[in-house]
Amino acid sequence: MKQYLDLEDIKDLDSLIKNGITLKNNPFNHQELGRNKTIGLLFFNSSLRTRLSTQKAAQNLGMNVMTLDLNTDSWKLEFENGSIMHSTKAEHIKEAAAVISQYVDIIGLRAFPTLTDKEQDQKETILKSFQKYASVPVVNMESATAHPLQALTDAITIAEHSLVKKPKVVLSWAPHPKALPHAVPNSFAKVMQMMDVDFCITHPKGYELNSEITKNTPIIYNQDEALEKADFVYAKNWSSYAEYGKVLSKDQEWMINLKKLNNAKFMHCLPVRRNVIVADEVLDSDLSLVIQQANNRTYAAQAVLKEILENI
Amino acid sequence: MKQYLDLEDIKDLDSLIKNGITLKNNPFNHQELGRNKTIGLLFFNSSLRTRLSTQKAAQNLGMNVMTLDLNTDSWKLEFENGSIMHSTKAEHIKEAAAVISQYVDIIGLRAFPTLTDKEQDQKETILKSFQKYASVPVVNMESATAHPLQALTDAITIAEHSLVKKPKVVLSWAPHPKALPHAVPNSFAKVMQMMDVDFCITHPKGYELNSEITKNTPIIYNQDEALEKADFVYAKNWSSYAEYGKVLSKDQEWMINLKKLNNAKFMHCLPVRRNVIVADEVLDSDLSLVIQQANNRTYAAQAVLKEILENI
Amino acid sequence: MKQYLDLEDIKDLDSLIKNGITLKNNPFNHQELGRNKTIGLLFFNSSLRTRLSTQKAAQNLGMNVMTLDLNTDSWKLEFENGSIMHSTKAEHIKEAAAVISQYVDIIGLRAFPTLTDKEQDQKETILKSFQKYASVPVVNMESATAHPLQALTDAITIAEHSLVKKPKVVLSWAPHPKALPHAVPNSFAKVMQMMDVDFCITHPKGYELNSEITKNTPIIYNQDEALEKADFVYAKNWSSYAEYGKVLSKDQEWMINLKKLNNAKFMHCLPVRRNVIVADEVLDSDLSLVIQQANNRTYAAQAVLKEILENI
């Protein structure tokens, strides 16, 4: 692996999942690999799990970590080519990415979508600009349309907890007061298509994800029907993709409760709004995997960083 | 020691003080203890001494350090059980504490009081919630009502500088333009009760601290009388506890000067407002211990972290 | 070297430049030097290159790094002696510098000028106060009037890329929408006076730098005439020094393009506003050294830190 911008950068998902589980059992076995290597974690947006778990993963591998909050520690960046930079943006991505590349061996990047400019979000301007102008590998710590470290985490978690050869996995939309990105459901849909699972998506009409991503994944508008005999229920809110960034429904009927779950395992990427996305009774039960999922963030990141370090 | 929420977690104060002094002489002697261990320092409020000294203490012990500013780096946390989280708080403490516990081996937590909601402050909601839902030891880096790392620092400093077997120690209220917390005077009063000292408190009427903490400590309303023959004078402002969070007096007569100090040693936890709390002539004299006190913050934290690491 | 406040702290520039280049080839050769040593990086202002490159330099030397953003992580500092601190400033520099000195072995400090109070800026109040009250070496990471780490970087870069024994170096003012400090041009002028180069400065009338710094450096008001036969062109905007902090001109005729450059190497400290300070065609050509310059920031800092560590 030479970078990790999206799931397409994975050559062999099964082996990457196995590496993650191996690293979980022996996290400190490869510290020579990261010795005198530095990862720079660049945040355009706030983060708890990603910040801590990626830092932990890098430290487990013996790396140094430098974090930079691009909204507070540094200047605003210009991403347009040819622009005359006489307004508020003090540095061009061309210089920023090239310069940072000289201080670090791997760049981790966190940059959310606008949710107002569909075209710009789809182009992944920030992520792709860093990839283009950086001279070191870039790792996506959630971008406008993808969260591949979360998806790898989710794949590891399902591999660990599946009791059957081909589990049924349901991605269910759930209500939320604010407009949320598509990065997590997009990447989860992608990674499920790469695994040997029976996968479907359920959401209210109007919440169809980008069809280039969901492809031939069954979409079932009736949540009860979709959840039938599920082994894993992955709840997540997202805003409309067609009416880009809009909140079309806050229908609490879509909240996951124990009855709906019906002995399936519950998954969510966190942070999760209790009693909005999912009832307390689910999160506080043994059916919830959300804490184990968050733990796997470290080992997903560590598996990716290890492969990249081996290719530097 | 399995946690350090408050002074009650200390089993043997004398031996902890001695450990602190031993670590001060040989700070790097126990680096194997912290190898591949990580402390997560979580800040709800700004901090200079606590942030740097706790980080230094952890690094002296060979630990990795991850800091997280919970107001800027992350989301707002919900602490109420059973709440329907549809407003501004994106994550519940149940998930946050459980998740962070998986990335770190010890959690350090800084969370000031509201000074407006007495009941909530007394309940130590943030600190106790982290303790309840975290699966790793929690260290109090100043909470709503207690600052036990500062108190241990103060105990070490008095032990180092006392010329007599049972010194007289006076905690004196001093004026300040803003309403300040009770954490420092509370914890100082507690730790003095645990040491073999002649301890009293002096303040204007209306500034009585929580009597469950001061217990039978003499309270002397006449500052001159209280300071007589003192060996150590610890100055500190706090707001009223009875009229919760109110500033009842800014009487500059209570400011400590050389005449009042009368050859006693001067202590303060810092930051200190010069010529409001204490005159320049005191801070700039050899009677002031405030810089040595701040230095001991590192070794107080290191003594606590060392004991916790030995019990993990 | 016992500190690095300004270029006067360099005893032998040639040997420091050589050390920088040696460290660039073997950055990890001196890790025992920094073992159990800590640098505290204090930022009053935002920073990208300085923050990351100084951190990298320290880590290359085996040091621990603690960063503190003094505007967000901590309290406001008082710098006046004898003041009665009853307003917004909660801590005096006397305590802050003395305390931080106990947690770190070297202090790195970043503090920009006001550009409104000439006298205060010229006095270098923040930098000099830290130097006065700190008990450990202070390194200037850009102050009100000087940026000596950048200047050393620039000297290393010219030494590396010069094809002739005594190159012609031109510092050219360039337009910019906002008022900028004099720190970079001041320090560049100083370091060029210390090297065996043919150095001149060009700028519109009214943009004369402090004559105590430029001394007998030729000032040529006609940019074309100044740039003739240049080997290195260093572009930089600064505000007026006489009419302190004022923007007297935004004349785009002063922007550097390929025709003006005429095969000279192009230098800038970054961040640079494209098509305002310099045309895309220059930055995107092989004549631009700005990325190599930024890389040398690490090794300039590392050469300075190494010398200071050897003298602790």
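The first residue you see is number 1, and the count goes up from there.
Backbone N, Cα and C atoms are what each Cβ position is placed from, and that goes for glycine too.
Lifted from TrEMBL, the feature list:
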type	residues	note
DOMAIN	A:3-160	domain 'Aspartate/ornithine carbamoyltransferase carbamoyl-P binding'
BINDING	A:S47, A:L48, A:R49, A:T50, A:W75, A:R110, A:H147, A:P148, A:L149, A:Q150, A:C269, A:L270, A:R297	carbamoyl phosphate binding site
BINDING	A:E142, A:H176, A:K236, A:R273	N(2)-succinyl-L-ornithine binding site
DOMAIN	A:184-306	domain 'Aspartate/ornithine carbamoyltransferase Asp/Orn-binding'
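On the structure: features taken from TrEMBL.
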| residue | record | contacts (Cβ under 8 Å, 6+ apart) |
| --- | --- | --- |
| A:S47 | carbamoyl phosphate binding site | A:R110, A:M141, A:E142 |
| A:R49 | carbamoyl phosphate binding site | A:L270, A:A294, A:R297 |
| A:W75 | carbamoyl phosphate binding site | A:K89, A:A90, A:E91 |
| A:H147 | carbamoyl phosphate binding site | A:N140, A:A183, A:V184, A:N186, A:S187, A:C269 |
| A:L149 | carbamoyl phosphate binding site | A:Y4, A:T50, A:T54, A:V139, A:N140, A:M141, A:E142, A:R297, A:A300, A:A301, A:V304 |
| A:H176 | N(2)-succinyl-L-ornithine binding site | A:N237, A:V247, A:K250, A:R273, A:V276, A:I277 |
| A:K236 | N(2)-succinyl-L-ornithine binding site | A:L171, A:S172, A:W173, A:A174, A:V184, A:P185, A:F188, A:H268, A:C269, A:I277 |
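Closeness to chain C is evaluated for the binding-site residues A:W75, A:K236, A:C269, A:R297 by Cβ distance, with values under 8 Å counted; counted residues in sequence order are A:W75. Filtering of the binding-site residues A:S47, A:R49, A:E142, A:H147, A:L149, A:R273 by Cβ separation from chain B (threshold: under 8 Å) yields A:S47, A:R49, A:R273, ordered along the sequence. Looking at A:R273, A:R297, the binding-site residues in this record, the fewest other C-beta atoms within 10 angstroms of the C-beta turn up around A:R273. Taken residue by residue with DSSP, A:K236 (N(2)-succinyl-L-ornithine binding site) is part of a strand. Taken through DSSP, the domain 'Aspartate/ornithine carbamoyltransferase Asp/Orn-binding' (A:184-306) splits into 48 helix, 19 strand, 56 coil. Counting every protein chain shown, the number of other Cβ atoms lying within 10 Å of the Cβ of A:C269 (carbamoyl phosphate binding site) is 25. For the carbamoyl phosphate site, whose binding residues are given in the record as A:S47, A:L48, A:R49, A:T50, A:W75, A:R110, A:H147, A:P148, A:L149, A:Q150, A:C269, A:L270, A:R297, the maximum C-alpha distance rounds to 30 Å.
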